[in-house]
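In TrEMBL this protein carries:
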TRANSMEM  55-74  transmembrane segment
TRANSMEM  94-115  transmembrane segment
TRANSMEM  135-154  transmembrane segment
TRANSMEM  161-180  transmembrane segment
DOMAIN    228-336  domain 'Copper resistance protein D'
TRANSMEM  237-255  transmembrane segment
TRANSMEM  267-286  transmembrane segment
TRANSMEM  315-337  transmembrane segment
TRANSMEM  376-396  transmembrane segment
TRANSMEM  408-430  transmembrane segment
TRANSMEM  491-511  transmembrane segment
TRANSMEM  523-544  transmembrane segment
TRANSMEM  556-577  transmembrane segment
Amino acid sequence: MRRQGVITALVAALAGVGAMVAAGLLGGALREQVIPGLSDAGTLTRWGLPLSRFVMEAGGTLTVGVLLGAAVLLPSTRGVLDPQAVRYLRGASWIAAVWAAGAAATLIFTVSDILGLPAGKIVGGSELSSYVGQIPQGTALMFVVLLAALIALLARTAVTLGSAAGLLVVALVALLPPPLTGHSSSSPNHELAISGLAMHIVALSPWVGGLLALVWHATHDGDHLGVAAGRFSRMALWCYVAVGVSGVANVLSRLPDPSLLYTTDYGRLVLVKLALFIVLGIFGYLHRERTLPALMAHNPKGYARPAVTRPPWAFVRLAGAEVLLMAATLGVAVALARTAPPAVNLDEDAVTSMIGFPMPPPITVARLATMWRPDLFFAVLVVVLGGLYAAGVARLRARGDAWPPGRTIAWGVGLLTIVAVTMTGIATYSPVLFSTHMIQHMVLSMLSPILLVLGAPVTLALRALKPAAIRGDRGPREWLTVILHSRALRFIGHPATATVIFVGSTYAVYFTPLFGYLMRAHVGHLAMLVHFLASGSLFFWVLIGVDPTPRKLPYVAKMLLLFVTMPFHAFFGIALMNLGKPLAAGWYTSLHRPWGTSVLADQHTGGSIAWAFGEIPTFIVLIAMVLQWYADDQRLARRLERQADRTAGKTDDELAEYNAYLASLDKRPPSASSSPPQE
Ligand code: HEM
C-alpha cells in the first residue's frame, strides 16, 4: 500500500511537468520568441522559468495540503497532535524547503527573463537585489522564499495543534504575493484579474494539496481515515466552487471577447483547463456517491492497526487518478500563465492603467446609484458571511431554538451597507474622488461594523455549531472557543487596544505617505477598505457587541469611551477641511480629472463628510447602549428577584415546617415531654 502512495506522488509530478511542457509547446510559452528590442535570455531561462514556477506552485499547494492534514483533517486530543500529524509536520518542513527553492529559482529566472540576460549573469548580480527591492513582483517572490523557509524551519519542531494551525495560516498567506502582484495588473480588468487569481490559488491549494495528503495517509498510516476523508470532502466542495468561480473571473478579466477562447492559444489552453475542471468535478461526485460512503462504513475511525477492517483500495484508486489529473491541470495552468493573453486593450489610456477602467463621467447621484462595479473580493465576502449566518439561523430554527429577528436584520443590513459602498457607483468614483473614497471609509468603519456586531455572529456560531464528533478533538466550534479565549484576542480585544487601532490607524493612513502608496495599487486599496471594516468591527464589538468579549466594560465606561473617541473623528474631519495641500497629490493630480471641483476642494468635501458622518454612529451606538443597559438591568432585577424569592421560598418552607411542628404539639396528649425536636 505504501508503494502505491509513493508511486502516485512520483507519477503526479511527471504528469504535471509533462502537461506543462505539452501546454507550453502548444501555447507558445516554451517556443523561442523574438521580441524586437529585447534580447532572449536563452533556453535555460525559457525552460527554467515555467519549471521552477511549477515547483513553486506545487510546493506551495502541497505544503498547504500536508499542514491541513496535520492541523485540521486528522483529529487531535485536547490540543495535542496525533503522532501521525507530527510526522506530517516534519514532512511539510521538507516540502516547504522545496517550495522556497522553487520560489528562489523563479525569482532568478524571472529577472533573467525580464532583462533578457542569461540566468547565470543574474545570480549574485545587482539586478536581482534591485528587482527584489523595487519591483512588486520581485518583492512578492522574495516574500514567498522567506515565508516558505520560515515554515520549513518551524515545522521541524512544532508539536502542538496551535502551532500546526499557525503554520497553515502562514502557508496560505505565502501563496498570495505572486497572484496579487503578477501580470494580472496588465489585464483589461485589473481588479477582477488580481482578486480572481488570488482567490483561485487560495481555493485550489487545500483542495489539491489536501487530496494528495489524504492519498498519502490512506496508503501509509490510515488511522482516522474516515474522519479525515469526511472533513476533506466537506471542504473540497466549497474549494471546487471557489476555483470554478475564480477561474471564470480570471477568464472574463483577460478575455472580454468569448471568441478569443477558441481563436487564441491562450483561450484554447483555458478551454483545456475548463475540461479538466469538469472531469475533476465528476471525480468529486463519484467520491461522494461511492468511495467516501464505503470508507466511512468500513473505516469510521479509519482502520486501526493491527485489526485492519478493509484497506481503502477503491478510494485510493479513484483519488490517485484524480491527483494525476490535478497535477496535469497545474501544469497546464503554469504554461497558461507563461502564455501572453491576447492584447485586447492596445489604446489603454493612462487613467485606465491606473484605476483599471476609463475615467467615469461627471459624478451625479444617479450615476452613484447606477454605475455598479462588482468587486470579487467583497462579493465573495458578503455571500459567505450571509450564507453562513443564514445556515446558522436555519439550524437553530430546525432545532426549535429561537433567534431574535432583530439580530438577523442587523446582520443583513450590515452586509447591504458593504455592498452599497464597494460595488455601486461609490466604488466607481472612489479611486478618482477623495470625497467618495471618504464615504466608503466612513460607512465601512463606522456604520457596517455597528450593524454587524449587533447581529451577534459569534453567539450564533457557538449555538449553531455542533461539538466535534470525537471527544477532545477540535472542530470548528472548539476552534472558535479557543480563539475567543486566546491571549492574542484578549490583547486585541482590550478596549484600549481596540480604540488605538480604530482611531490611530485613521491618522496613520491619511497623514503619512501610506495613503498615496495604498491608492496606487488595487491590492493596497482593497487592504485599506478591509482594514477599515476590521478595525471598526473590533471597536464596536468592544463597545456594543452582543457577543462575549474578553473584557466586559461597565456601561459608564463604555459611554466614556464613546465620548472620548468620537471627537477624534471630528478632529480628523476638521483637519482634512483645513489642510492646505492635497493628500496623495501624486495620485489625484496624475488622474487629471476633467470635471468637478479641484483636488483640494474635493478633499475638503471629504473632510466635511468625515466630520458630519461621525454623528450618525454616535447616535446609533448611544441608543443601542441605552437599550442594552436597560435590558441588562431588567435581567439583573429579574435575577435578584428570583434569588429573593428563592431565599423567601426557603424561609417559607422552614416557617411551614415549624408551624406544622407546633400544630403537632397541639394534637399530642398532655403526658408527652414539651421540649421542641433537635436539628
Ligand atoms: C473553471 C476552471 C478553471 C479556469 C477557467 C481557470 C482559469 C485560469 C486563468 C485564466 C488563470 C490565469 C492565468 C494567467 O496568469 O494568465 C489561472 C491560473 C491558475 N490556475 Fe486556473 N482555471 C481553472 C481551474 C483550475 C484548476 C482546477 C486548477 C488546479 C488544479 C487551476 C490551477 C491554476 C493555477 C495554479 C494558476 C496560476 C498559474 C500561475 O500563475 O503560475 N485552475 N486559471
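Cβ atoms here come from the backbone N, Cα and C positions, even for glycine.
Unlike curated entries, TrEMBL annotations are predicted automatically.
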DSSP residue counts for the domain 'Copper resistance protein D' (228-336), split into helix, strand and coil: 89 helix, 1 strand, 19 coil
I need to check the long-range neighbours of the transmembrane segment (267-286): which residues 6 or more away from its ends have a CB within less than 8 Å of a CB in the stretch? 23, 26-27, 236-237, 240, 243-244, 247, 251, 255, 260-261, 318, 321-322, 325-326, 328-329, 332-333, 335-336, 339, 342
In terms of Cβ proximity under 8 Å, which residues at least six beyond the ends of the transmembrane segment (408-430) contact it? 357, 360, 363, 367-375, 378-379, 381-382, 385-386, 389, 393, 436-437, 439-440, 443-444, 447-452, 454-455, 457, 529, 533
Interface-richest range of 55-74, 161-180, 523-544 toward the transmembrane segment (556-577), CB pairs under 8 Å: 523-544
What is the pLDDT of the domain 'Copper resistance protein D' (228-336) when averaged and given as a whole number? 86
